[in-house]
Amino acid sequence: MSENGSFANCCEAGGWAVRPGWSGAGSARPSRTPRPPWVAPALSAVLIVTTAVDVVGNLLVILSVLRNRKLRNAGNLFLVSLALADLVVAFYPYPLILVAIFYDGWALGEEHCKASAFVMGLSVIGSVFNITAIAINRYCYICHSMAYHRIYRRWHTPLHICLIWLLTVVALLPNFFVGSLEYDPRIYSCTFIQTASTQYTAAVVVIHFLLPIAVVSFCYLRIWVLVLQARRKAKPESRLCLKPSDLRSFLTMFVVFVIFAICWAPLNCIGLAVAINPQEMAPQIPEGLFVTSYLLAYFNSCLNAIVYGLLNQNFRREYKRILLALWNPRHCIQDASKGSHAEGLQSPAPPIIGVQHQADAL
């Protein structure tokens, strides 16, 4: 397939980057040595598995929240937003990477390359901001329960989510001015090129990874302190009253945060090292480490739905109902009608001082 204009001068068949003056982490090997033979099959396997689990798992998350009244609350709207952030990469960037692997180079033109890299960034930054918002939500819910319903009213949460995605788009706009969205032949992907601007790379790592990690860590550390105090009854006069479901909710989101940090830390550490000293550090980054860091980052998009199913009974139960409905629609329609009638007889619990007013918050 023919490529247009300047993009055709950037990459040759086989993925070789030949743009002059483009060195380091974002470029191809100066000696044009072949890629390690494991890269294409490993990346293909990871992307195929990740895409399949990503689509099925995150659609299950979204449908579970929409179908189940116990899951339909302010906190879980952020989970739907996070699921959408994970879902977009499965529908556009990942299939395009598989096409690049098949052709041994980018064959879809510059427009698709820029769009694919933008959607990838949308997913990553959107995930970071949503995970941060979830941590703040859990922090307010447990540590400032008196003010929780004032902060997260029914119409406030959608506004918070819209603000998250607006900030995500704004955060990505500088990439078009810096020229950092390009094809990287080592990973067959159009992505963020770390050596396009070392100052911008450092800013991205600090603002979109280290700072959110610090905020989330603070929120969860404060929650852990209160949880331990409540369990040890260190403060008998405290009005904190945690139900097991509250603890499971917090634990689930804490695990999601830890997994995200583990999956994205290697790539961000590489980016920070390259930004500090691009001339010396970029050529010294082992290609196997660089590719593996991307494989780990790509794999993260399919893990959240699995965590919800493993750690949360309400999600696990709803997953089973949805899958059973797909397998045997008639049987599940009858069960759903009975279940909806039973739920309709239950009025929502009034707000209770403390943290027990959302027993099944996740």
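Every residue gets a Cβ built from N, Cα and C, even glycine.
Of all Cβ atoms in the shown protein chains, 21 besides its own fall within 10 Å of the Cβ of N175 (melatonin binding site). Here Swiss-Prot flags N175, Q194 as melatonin binding site, drawing on experimental evidence.
C190 (disulfide bond) carries a strand DSSP state (E or B). According to Swiss-Prot, the feature disulfide bond maps to C113-C190.
The annotation N-linked glycosylation site is assigned in Swiss-Prot to N4 on the grounds of sequence analysis.
What Swiss-Prot lists as topological domain 'Extracellular' is 1-42 (among others).
Among the features that Swiss-Prot reports, topological domain 'Cytoplasmic' is placed at 64-76 (among others).
Summarising the annotation, Swiss-Prot assigns topological domain 'Extracellular' to 98-115 (among others) and lists sequence analysis as the type of evidence. Across the topological domain 'Extracellular' (98-115), the model assigns an average pLDDT of 92.
Helix, strand and coil counts under DSSP for the topological domain 'Cytoplasmic' (137-155) come to 14 helix, 0 strand, 5 coil. Here Swiss-Prot flags 137-155 (among others) as topological domain 'Cytoplasmic', drawing on sequence analysis.
The topological domain 'Extracellular' feature in Swiss-Prot is assigned to 177-200 (among others).
Taken from Swiss-Prot, the feature topological domain 'Cytoplasmic' covers 222-253 (among others), and the record attributes it to sequence analysis.
If you look up Swiss-Prot, you'll see 275-287 (among others) marked as topological domain 'Extracellular'.
Residues or ranges marked as topological domain 'Cytoplasmic' in Swiss-Prot: 309-362 (among others).
Taken from Swiss-Prot, the feature transmembrane segment applies to 43-63 (among others), supported by sequence analysis.
Positions annotated as transmembrane segment by Swiss-Prot, on the basis of sequence analysis: 77-97 (among others).
Annotated transmembrane segment per Swiss-Prot: 116-136 (among others), in sequence order, evidence recorded as sequence analysis.
The transmembrane segment annotation in Swiss-Prot covers 156-176 (among others). Residues 74, 77-78, 81, 114, 117-118, 121-122, 125-126, 129-130, 133, 192, 200, 207-208 of the same chain sit 6 or more residues outside the transmembrane segment (156-176) yet have a Cβ under 8 Å from a Cβ within it.
The transmembrane segment annotation in Swiss-Prot covers 201-221 (among others) and is backed by sequence analysis.
Against the transmembrane segment (116-136), stretch 201-221 has more CB pairs under 8 A than any other of 43-63, 201-221, 288-308. Each residue of the topological domain 'Extracellular' (275-287) gets a DSSP state, and the totals for helix, strand and coil are 10 helix, 0 strand, 3 coil. Around the Cβ of C113 (disulfide bond), the number of neighbouring Cβ atoms within 10 Å comes to 23. Put simply, C113 (disulfide bond) is 16 Å from Q194 (melatonin binding site) when counted between their Cα atoms. For the topological domain 'Cytoplasmic' (64-76), the number of residues in each DSSP class (helix H, G, I; strand E, B; coil) is 10 helix, 0 strand, 3 coil. Its Cβ placed at the centre, C190 (disulfide bond) has 26 other Cβ atoms within 10 Å.
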